[in-house]
């Protein structure tokens, strides 16, 4: 009985040590992930400034060539991917909301358009991130060729997914909401009629617009990622 009691005490001590170690590791991970230090704050501040600058440049240069008069290509999405790489996905997600709504009232007065932009960028970011994580489990992404293949696959699937989801969201509530707040049209059908479009053509334009926007942003990211990794490593 004494030997058994001794073994039981050892097992209990080992279990307590394991749980304590696990708890400490988890606490350390949470602290490192969420805690804002000087380096992270610098990244976030700098990238928010870049985000606002890109939004302003796109507003000045691309507003006159906007699709259907209100679909403007934005280059600010790439900053969210950079934040994910340099800080983490949690703060990148927060920055999507902040980067979208900080422009309200001076760059953009289109409330519904900003809701659409916020939802779209949030979807694109997390779909890309989840696909990237999934492919990383099966592909050695440290190899340069594999990195490009993995990202091209992630980007392509992300663009198609976001495009289709945005079409559905526009048909279900974004376009009706836009018409309601605009106040110029009695119905979405009348609005599309004035644009000489039917639902199918409108859906194609929404899909094509999103494909163009995110393709440009992803190409920019792929073009700068090596330089970006070097900068992050040095800082």
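A Cβ is built for glycine as well, from the same backbone N, Cα and C atoms used for every other residue.
Positions annotated as transmembrane segment by TrEMBL: 41-65, 77-102, 114-135, 147-179, 199-224.
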List, by number or range, the same-chain residues at least 6 past the transmembrane segment (114-135) whose CB is under 8 A from its CB atoms? 74, 77, 80-81, 84, 89, 92-93, 96-97, 100-101, 103-104, 108, 141, 150-151, 153-155, 157-159, 161-162, 165-166, 169-170, 174, 177, 210, 214, 218
Residue numbers, six or more beyond the limits of the transmembrane segment (41-65), whose CB comes under 8 Å of its CB atoms: 72-76, 78-80, 82-83, 86-87, 91, 95, 98-99, 102-103, 107-108
